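Trainee: If you look up TrEMBL, you'll see B:7-31, B:62-85, B:97-124, B:130-153, B:202-221, B:233-253 marked as transmembrane segment. Annotated domain 'ABC transmembrane type-1' per TrEMBL: B:62-250, in sequence order.
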Amino acid sequence: MIQSRPRTPLGYLPILLPAFALIAFYIVPFGSMVGMSFFHNLGGGAYEEVFTLENYARLVSPFFLSVLGTSFEVAFLVALFAIVIGFPFTYLLVNARRGTQVFWLIVMLSVLSLSEAIIGFAWSTLLSRTAGIGVLFEALGLTEKAQSYAPSLGAVLAGVTYIAMPYAVLLLYPILSRIEPDIEQASRTLGASPLRAFFNVIVPMHRTPIVVSFVMIFVFTLGSYLLPQILGRPTNWTLSVVISDQALLQSNMPFAAALSIFLMTVTILLVLLVTLINRKGAKA
Amino acid sequence: MKLGKILSTLFFWIVGIVTIAPFVVIAGVSVNERKSLTFPPEGFNLGWYGDLFLDAEWREPLMTSLTIAICASLLAVLIAFPVAWFNWRYRTGFGKLVAGLGAMPFLLPPVITAMGFLTFFIILGYYGEFWTVVVAHAIFLVTLPLVSLSLGFEDIDTSLVEASRSMGASETTVLRTVVLPMIRPYVISGFCFVFVISLNEYIIAVMTVGAVFETLPMKIFNALRYGYTPVMAAASVVFVASTVLIFSLVAAFSDLPKLLGARSK
């Protein structure tokens, strides 16, 4: 029934339209952005179509290096937190009843799909003086007077980890759901407690998926753009925020394009790294 | 109960509670009697939900978001369906290439895709036109129906297709009477995934039509910058509720764990 290819060239027609749509509205826009990154900025949204490398030269400025430092710091810490929380959570999830699994999968999918504007608003409320944990801490007598915990770097980390955790769960869920039940049983028979079986057998067994997920979450976090603006100060802004700020508020399209190309290069390098790790892991 | 069991149950529930807590708080502040940001809420008032649907300042962004999401998810499914069908029916390098291309936008940080569309539509002079955000969302999210439809096609019992063909059914008859009914749940879940994410998407919408139209996420973000109103909380609650409802429907009508890659047991 399955054929290697259509019998007549006409048989290719169904896939030609989608192919055209993807090329015209993805590859071409992409190319135009690459072109834009070499144009000269005139200010106020105008640009001159001459070839220049000045937008890329600005990437080594102290301002940009500090943005890069913040982005990588946030992405690294968030990826770490998300894995440390997400891995054991997913492990417990795949071993739960089916109904429990479906419930938490719906919750995780929802958190991941919700607008960062809504998550940001919810977290700024949660960290506020009048409606959040400040009230709770005061009521519990932990602090004398309720205070606000945002904007701060800690708030950005908490907010971004909050959306990265479901991403970690959805990345790890298919992998952990394939664990043979015999493995845990075997280590239990040999006298290991469930906790020891988890830390001494399950975690080391999944070194490769853990590293791969870490890199994927790192990339995912680099894309967060509203949470650092809502929960942080301008010094906590990440690369994605700076790109949208350059494009929309400073109206410097060529520089925003160059920054995007840089971010894309970093992303592609990281994805290649993941592929390499995966291949090595498969061999081992 | 053993210590390990107690610790792991405790951990699971703490993570679960923290995941749900932000929404409990905004649901609470959305029913405050007066225009204040307090939790636990003071008094009870559902009037802010009324404002969301009656006040044009909020109703219009809501309608804009819904229109974009419906059009974009239809378009995304229309683009993904022939690709998934073609790759199920034939094994060609070209088909695989197109499917790979469809997965790309979703892998990169969205701000990059958004910048591509911004440059492209500015150069062409279409910046700000309504259709640009529909096309941009459909292309950005085409991966989702592509994945769900590919899973669906793999699931089709080929002997049924063989049978109908050996009884003389043409390609289109097979597609209409055998394939389509079996693939329908996957079409619907693909549609739902695009719908929900398009509804919530911010950066691509801003960079295509942000100067002309306002979507609800933009409205919430702007309102957040210019001061607080409980309508924001009401709008967020409605969005959270519809998102959860749509994914619950997907779970009810298809095998959600399998759709997310779990081993079938």
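Glycine too: its Cβ is placed from the backbone N, Cα and C atoms.
Quick one: how deep are these features, and who are their neighbours?
Mentor: For the transmembrane segment (B:130-153), same-chain residues at least 6 beyond its ends with a Cβ under 8 Å from one of its own Cβ atoms are 68-69, 71-73, 75-77, 79-81, 83-85, 87-88, 99, 102-103, 105-106, 110, 113-114, 117, 121, 182-183, 185-187, 189-191, 193-194, 197-198, 201, 204-205, 208-209, 212-213, 258-259.
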Trainee: The transmembrane segment (B:62-85): which same-chain residues, six or more beyond its ends, come within Cβ distance under 8 Å?
Mentor: 52-53, 95, 98-99, 102, 133-135, 137-139, 141-142, 144-146, 149-150, 152-153, 175, 179, 187, 190-192, 194-196, 198-199, 205, 213-217, 235
Trainee: Count the CB pairs under 8 A between the transmembrane segment (B:233-253) and each of B:7-31, B:97-124, B:202-221, then give me the winner.
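Mentor: That would be B:7-31.
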Trainee: What else in the chain is close to the transmembrane segment (B:202-221), if you only count residues 6 or more beyond its ends and a Cβ gap under 8 Å?
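Mentor: Distal contacts: 58, 60-62, 64-65, 68, 110-111, 113-115, 117-118, 121, 127-130, 132-133, 136-137, 140, 232, 235-236, 239.
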Trainee: What else in the chain is close to the transmembrane segment (B:97-124), if you only count residues 6 or more beyond its ends and a Cβ gap under 8 Å?
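Mentor: Those are 79-80, 83-84, 87, 132, 136, 139-144, 146, 150, 201, 203-204, 206-208, in sequence order.
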